[in-house]
Each structure stands twice: as structure tokens, then as C-alpha cells.
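> As listed in TrEMBL for this protein:
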- 25-326: domain 'Aminoacyl-transfer RNA synthetases class-II family profile' (DOMAIN)
- Glu83, Gly84, Thr85, Arg113, Gln127, Glu131, Arg259, Tyr263, Tyr264: L-histidine binding site (BINDING)
Amino acid sequence: MAKTIQAIRGMNDCLPTETPLWQWVETKVRSVLASYGYAEIRMPVVESTPLFARAIGEVTDVVSKEMFTFDDRDNESLTLRPEGTAGCVRAGIEHGLLYNQEQRLWYMGPMFRYERPQKGRYRQFHQVGVEIFGIPNPEIDAELIMLTARLWKDLGIFEHVTLQLNSIGSLEARQNYRTALVTFLEQHIDLMNDEEKERLVKNPLRILDTKNEALQQVLNDAPKLLDYLDEESRQHFAQLCGLLDAVGIRYEVNPKLVRGLDYYNKTVFEWVTSALGAQGTVCGGGRYDGLVEQLGGHAACGVGFAMGLERLVLLVQEVNRQIVLPRAVDIYVVYAGENTTLPAFRLAEKLRSELPHLRTMTHCSGGNFKKQFKRADKSGAKFALVIGESEAQNQQVVVKDLLGGSEQQIVALNEVVAYLTQAFNA
Ligand code: ATP
Ligand code: MG
């Protein structure tokens, strides 16, 4: 036998046994987004490499070590998108969606990061992202958080996630803070590993979310970003907190939350869970008022978030015991004997036309009734519809309840839709 080829490390198949749960989650997501009036945008999965370097920042983890980058046949450097915001802003500028306009956009799809695969962390993973343009007010930051809270309720995971919130202020406030933080951290350089020492120079704010426990201890006494906020950011944050209080969404102000990408300002937030081990962040976002201009558009403010679908699906599996996934097959049509194929096909097509919400499978692969009933049982269908020679001649069908709720019945073909409608509603 020839050697088999396997999937790329960290890139998973979603098997037919898993897709029903994924579809269930995706349907909830779509329906919540629609209920807020947000519009879907679809971008390519490949973009020009400089887009990410410019949007996300050269010294971020994502750009410096996690991107799948390659040259195409014309030696243009391309990158599989590691996140959606950069591409969404690129598309918005390119199609004139952002200048002097308000947009509430969402997308769903695969993202790619070269990371060490483990539970909740993959090289191809899926995000749902929301990006809002042209609305500076904290009301929209609050709306985004309300939307996510509603989704967690719909997914049955609300009790298992908590909201962490911070404001990282204006660029200028952050620069002042950066100076103060570096002065403080330089006194503790002996506690730092090489990576942290490098961050101290390139991106000191990222040291705030270090996993190094000795350093974490020391950081409790570090200057706080919230004390360096500019007045406008301070008010914006106070209004956001006030709105969340008013609608009853609990949050924890986490002064160490800075998020990994460079483009944020003012609001940053994360929804975290303790139910998934180390990969605890299911959703993260924030405001990025300078990004559109930084990517060459007319200045337009923005705010958004992205959530990881793999982590949400894992969390739903872990904590939501109430889900009833739809049956893969509701009705299985079996037939054997002379002149039964066409009546069986006609019957199945009629059901698909008149009862399109039911899933009707036709046997198709021959064999005697015994074999066919085995398949029908295995399909998980509630009813088998049976057409033998006498049923075909008499315009009838035998309805057999495979889950054992009722006796087998002979039903006239022209009454079968009514019969099944009633049976499935019972
Ligand atoms: P982490 O700290 O876990 O690496 P991040 O800050 O890099 O997350 P973001 O860039 O904010 O993540 O992406 C938003 C969400 O996408 C994350 O909260 C997470 O749910 C999901 N996510 C990010 N990277 C991965 C990955 N490699 N595999 C699966 N999901 C991911
Ligand atoms: Mg990451």
C-alpha cells in the first residue's frame, strides 16, 4: 500500500460526528449577531505580508514568530491571516466603507498561527470577529460586551466566564506610562529571563502579563496604567463601566491587561474561563482608534473583538449538558422488490419538498429488508418508511417507528405527509 499523507500539525479535520455541535454554536453566533443588526463581511485568508506587520506591529508575538509567511510565484511575500482585524480594515479602506461612515461588521473563518499545538491552541483555528467603525462613544464598547454576554447565555456558558476590563488610554498616556514602568522594572532586571529582557526594550507593557511568578509578585507594586490615563480616556472608561453596571454585567478591572497586539487604545477586554486549563481566553478585544489611519485610510475610530471557536466549542462541551443536537436523519426510506425504486424515490422527494425541515435519507444501496433495516437503525432515524411490492401497487407505505414509540402503520401515500407532520409534533 502507498504511504498515506497526513494533515499538517496543528490543523484539524472537523469530523461528521463533531460538525453538529459546531453548527449549533455557529447558528447561535449568527443569530445573536443578526439580532444586533450587524452585517457579515468575508475577506480572503491570504493577505500581503506588510499589512500584518504594519497593523499588528513588528515586535508582537504574532508578527515576530507566529505567522505563516511565504513567497508566491512572483516573489511577493504573502501571509495566511493570523487574525481578521487587519484584513477587515484593509477591505474597508479599499471599498470606501469607513470614511465618514458607521459600520458594524462581523466575519467568521479560519486563522493561522505558527504556535505549539495543545488543547485550545492550534495552527489553523477559527475566529468570529466583530469590527465597528466610526463610533467613538463608550456606548458601542458597552454594546459589544452586552452582545458577547448574550451569546454566552445562549451557549449556556455564562456562569463559566468572567469579564476582565482595562483601559490603556491614548498613545501619549501609554508612552508616559511606559517610561515609568521601564524605570521601575530596571530595578528588577535580575528576575527576568532573556525574553523578558528583550521585551523591556521592545515592548515593556507585555511584561505585565508575564507568567514568571517572581516577576508577577514584584509587578503588584509597579506603577498602574490607570493612574497615567489621559482625561478623555479616563472619562470614556468611567462611562463604559457605568453602562455595564447599569445593565448588570459584572467585570473585574485588571490593570495588567494590555493585550498582545499593538493597535489597541482606550478599552481592552477579555472573557476568560478556568474550565479549559491554560488556554483560558475565549474572547478578546478592544478599541483601535488609530488603526485605519495607520493603514492609509482617512482617520476613523474602531472597536472590536475576536473569539476562538475551538475554545468555545470545548467550553460548551465541558459545561453545557442541556444541548439537544438535531438528529442526523429523521426518516429513512427502504424499498425492495419489483417496481419499488421509483415510488421510493418519489416519496422521498415529496417529503423533502413538503417537510423540508425533516432530514430524509433514501437507502440506495440494495439488499434485502433485513440489511436495510439495520442501516435504518444505524442512521438514527425516528421512522423507516417501507415500500415493498404490495405497497407500491396499492399506493401505500408502511411507517415503522424505529425508536419504538408506536405500532407499525400502513398509511396511504397521499396521507403520509399529514401523518408524519403529526407524528413529529407529538
Ligand atoms: P492567547 O493569549 O491564548 O495566545 P491571543 O491574545 O493571542 O490569545 P487573540 O489574538 O486576542 O488571542 O485572538 C482572539 C481569540 O482567538 C483568543 O481569545 C482565542 O480564543 C483565539 N485564539 C488565538 N490564538 C489561538 C490558537 N492558536 N488556537 C485557537 N484559538 C486561538
Ligand atoms: Mg497568542
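One is the number of the first residue shown, and numbering goes on along the chain from there.
Cβ atoms here come from the backbone N, Cα and C positions, even for glycine.
Caution: TrEMBL annotation is automatic and unverified by curators.
Set these features in their place in the structure for me.
The local packing around Gln127 (L-histidine binding site), expressed as other Cβ atoms within 10 Å of its Cβ over all shown chains, amounts to 21.
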> What is the Cβ neighbour count of Tyr264 (L-histidine binding site) at a 10 Å cut-off, with all protein chains included?
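Around Tyr264 (L-histidine binding site), other Cβ atoms within 10 Å: 23.
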> I'd like to verify something. Among the binding-site residues Thr85, Gln127, Tyr264, which ones have a C-beta closer than 6 angstroms to some atom of ligand 1?
Gln127
